[in-house]
Amino acid sequence: MSFEVEEKVDEIKSLLKKKGYKNTITREEVIRVFVEVQEHLKPEEVYQRIKGEGVSLPTVYRCVELLKKTGVIKEIHIKDGRFYELHMFSKKKLHIHFQCHQCQKIKEYDDRYIFKEILRQKEHIEENYQDIINDITIITKGTCKECNDKHNILPTQMSM
């Protein structure tokens, strides 16, 4: 494990301790998975990565809830599932999620042009409605390029 990973894990553990939560081996393992993987994960996927450590799935769910409550991870609702991603050290504060209807793959768009437009819309809302926007979550759904190619789906065949 890299020094950077351990440093982040220690920082999260320290944050939890300051908030009155004790450090446990299971909690540390769950934290480490999110820091190392840096993908969208379901609690079951976290469990699969650490189950050899004598951890139960309900314990992983409780850890995930705690990490969400303390702002370490962020919950994203996509289709019928809830996914979680590391939020505390994320360099990508604004990003767009895409889920393919065919293969269920989730990917992210990282496009400056789109982000500038979204931030312009955010400023418009804050200026005209006096609401303060702290977070923007965008989830798009459709068919990915790989599935389009595989199933020969043309843009005109897609419905909104």
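Positions of Cβ are set from backbone N, Cα and C atoms, glycine also.
What TrEMBL says about a protein is an automatic prediction, not a curated fact.
According to TrEMBL, the protein carries these features:
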BINDING   Cys100, Cys103, Cys144, Cys147  Zn(2+) binding site
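Taking the mean position of the Cβ atoms of Cys100, Cys103, Cys144, Cys147 as the Zn(2+) site, the remaining residues of that chain whose Cβ falls within 8 Å of it are His101, Gln102, Gln104, Lys105, Thr143, Lys145, Glu146, Asn148. Under the DSSP three-state reduction, Cys147 (Zn(2+) binding site) is assigned to helix. Considering only the binding-site residues Cys144, Cys147, the Cβ with the fewest other Cβ atoms within 10 Å is that of Cys147.
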